[in-house]
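Student: Pasting a structure here, questions to come.
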Amino acid sequence: MNEALSISIFLFALFFLLGTSVWVGASLLLTAMLGMYLFTSAPIGDALALTVWGSQSSWTLTALPLFIWMGEILYRTNLSETLFRGIAPFMRRMPGGLLHVNVGASAIFAAISGSSAATVATVGKMAIPELRKRGYPERQIVGSLAGAGTLGLLIPPSISMIIYGVTVNESIAKLFMAAMIPGVCLALLFMGYIALWGLRHGEKMQMDPSTNWSEKLSAFLGLLPVVALIVAVIGSIYGGVATATEAAALGVLGSFVLAFLQKTLTRDTFVESVLGAVRTTTMVMFILMGSGFLSLAMGFTGIPKALAEVISTWDPSPLALIMTLTVFYILLGCFLDGISSIVLTMAVIEPMVRAAGFDMLWFGVYLMIVVEMAQITPPIGFNLFVLQGMTGHDIGVIARAAVPSFLVMCLFVVLLVIFPDLALWLPSVLK
Amino acid sequence: EKWDMALAYSATNFHSEMAAEFAKEVAEKSDGALEITTHPSGSLFGGAEIFGAVRKGLVPIGERLISALGNESPIYEMDSIPFLATSFDDAMKLYKATKPTLEETLAKSRVTLLYSCPWPPQGFYSIKEAKVPADVEGLKFRAYNPTTSKIAEYLGMAPTKIEAAELSQAFATGVAEAMISSGATGYDRKLWEHVSYYYDVKAWLPRNMVIVNTRAWDRLDDGVKAVVKDAAANAEAKCWAKSEELDSWYVEQFKEKGMTVAPASPEMKKAFEDAGAKLKAEWLERAGEEGAAALKAYEEM
Amino acid sequence: MTTISRFMDRIYLLGAWLAGALLVLLCLLVLYSILARLVGWFAGGASDVAGYAMATSSFMALAYTFRSQGHIRVSILSQRLEGAKRRALEIWAHLVISGVASFLAFYMMRLVIDSYDYGERSEGADAILLWIPQTPVALGSILFALSTIHVLLIVLFDYKSIDPEQGEAGGPQEV
Ligand code: NA
Ligand code: NA
């Protein structure tokens, strides 16, 4: 069967199911089953069970529930309020105000966590109620969070980058270095957009009252525990105490210690934090089951590989290749999560990219950004799902709110193409 | 007929390249009667799922590291008994001597062996110079299974569990300080960035195997079966040669990248071999008569 | 009917509690691996067991999360429909998810049975027989299937009690 037809079938089935209010996880599972039934002779149900078991019991995934739990603890123990009270006085004059905290906190949290879903869930849990309290428009809260959450994969450590590094034999340490400056730049670009928005619409939100210097100082001192927590977790990774995956558990432990010291840890907050984490985790896991199985079905059909082969037959110029690949990965991102996109296509894409003369470190950074863009595009975008789970807004609303962030990322891809040294400078200096 | 082939390693890894050549040869020589599509990088099933997937017929054909199945039967650990077969010639002898036993064991899972190919031999990576066993005492040794953890214990190192995905990071941050692994792993993960010493001890030569689901195999015509067997034999011969060629190439690369590459000192060699002897005895206890017979067949060769 | 419904809700909640306990266990296991490394023990199968704890936790909470509307869906169309049309859409969506969940539950059970028959073992240092950690996961998937059928029956025969047009706002999805 030709690729165009099979793609149409996948597209139609997925959009129909999602459109008729079928739960996202179930829509993905059913689309994949249909694909398996039409295009392979493999036993569907047994393949489903083995895939689900393999992915759900995988050790690399254990960081996700733990980070989600950490966010729940911080949210339930006033730490988030302290954090915002500490930062608010310094943001009064900034156009866009506390929305910058969404970006800043995501960037910092991204340095602890390896996934963008965990970043959105943790920061969102703390930031959304505080920003709502202060009357910031939902659209901006949700839109900036969706975008900034993608920093989770760009700023090291990053699970996708490890997978990429292993797939193309690039040094993971160098990849991490290469992603550092782009990560910070992208964060600044998100902030730039928020500032621009703030200049035009600033009057809409309510600022925290003006404070004198001593009040500022005491609020600032309130930040110290949270800063200490973050430094401790990052320190444990780079100090050789824990691996990036294990650091999540230290984050949970540290949050409990802080909550205990601030006397906000009670039996009730503990139980609530656990049940809250379980609900969010399970919601994400159900969708992950679906996307994992869809990825298997797509692998069997060979569509991603076939599409990549089509691109290679065009033999485009380097610039045209990058443009085509950007569109290609955004399209794939409609169905697949970032890791599946990388694993299913790199065998064909890698030689093409090498032949076009791109540096594989640079390409790795570029690839992280484009697969991350797919996290905030409908119908399948994990950051959107996590935000839907947390705010109750429909995914359409969230996706529209995320459009500016998406455009900012497009702009950043252009900048990365014009100034490749954004990615390449740091690894070359630190050698 | 169309077969999907599940591979755990990336497309550029030599095992995957050989599998792709094997698939191509089958398609050509069978005039398209059997077309095999390879799926590298665990894009179909991840490494840990591949054996189960082939056994259950979810994919007809796949490749797996034999010793990863050691928990199922000690027979699968035969290629990984430390310091038993420490050269390509010995590894080939070991393969020939134990092949019938391996095939019998696989047959119990309704799986048929097509070919088997070794990784380059396992060397000892260390952040410190290791002249005498006291030098490595207390180092954090990356272990990934009970055997490697025991090696660490016998040499006075602290075994620490690091998953493959976090290997480079672990050495970069000092979570791990030493390990026994193939030159391929060290090269792929660019370990020279963090590790200075590579001792070419050739501890063992772990093998991958390409297996097919027996029901899928029986469905093939005899003509196609002959083509597949031929192609498998060719792939096996090429793959062994490639592995040997790569072995010396990796060592050259390590030198070029500034690692100190050396054979193990007599003291270290003795310590490793003592550990190996203990592990062999422990393995024999687990493996029973079947294992003892296979081992005897090798030692008499 | 309401008695059974309430009884089932208790069971889902019990599943969620179990899932919570497993999350705590997961955290402790990871902390144990860190500690083990610091002290120089071999944590061996800890990461495998952590994986099993996570899988069981997710599956055990599937039913509770579904019943408390924690799973997400796109409601662009459903919000525009009213009355009988809205109900028809709800029936369709619940039919699909109960079908999918039952399919999943059936094959998760088959996975356990096959692992048991074959005596399949984990490839990790834990070397555990895989049917042992797979059984609670399969039980969780059965509970999930039951919860979807449970809500389907409510939608079919007692639509009033969960009519989404009554009291749309609020609900457990709120932060
Ligand atoms: Na990160
Ligand atoms: Na998307």
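Yeah, the Cβs are placed from backbone N, Cα and C, and that goes for glycine too.
Computed from a predicted structure; not experimentally measured.
Here TrEMBL flags A:6-39, A:97-120, A:141-166, A:172-196, A:217-238, A:244-261, A:282-300, A:320-349, A:361-386, A:406-426 as transmembrane segment. TrEMBL lists A:12-421 with the feature domain 'TRAP C4-dicarboxylate transport system permease DctM subunit'.
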Student: Could you give the residue numbers and ranges of same-chain residues that sit at least 6 residues beyond the transmembrane segment (A:282-300) on either side and whose C-beta is under 8 angstroms from one of its C-beta atoms?
Tutor: 10, 23-29, 31-33, 35-36, 39-40, 42, 47-48, 51-52, 55-56, 61, 64, 68, 117, 121, 335-337, 340, 343-344, 380, 382, 385-386, 389
Student: At a Cβ cut-off of 8 Å, and with pairs 6 or more apart in sequence only, do we get at least 3 pairs between the transmembrane segment (A:217-238) and the transmembrane segment (A:172-196), yes or no?
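Tutor: Answer no, regions not in contact.
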Student: Is the transmembrane segment (A:172-196) in contact with the transmembrane segment (A:320-349), using three or more Cβ pairs under 8 angstroms as the rule and ignoring pairs under 6 apart in sequence?
Tutor: no
Student: Can you tell me which of A:172-196, A:244-261, A:361-386 gets the most C-beta pairs within less than 8 Å of the transmembrane segment (A:6-39)?
Tutor: A:361-386
Student: Where does the mean pLDDT land for the domain 'TRAP C4-dicarboxylate transport system permease DctM subunit' (A:12-421)?
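Tutor: Its mean pLDDT is 87.
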Student: Between the stretches A:141-166, A:244-261, A:361-386, which wins on the count of C-beta pairs under 8 angstroms to the transmembrane segment (A:97-120)?
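Tutor: It is A:141-166 that shares the most Cβ pairs under 8 Å with the transmembrane segment (A:97-120).
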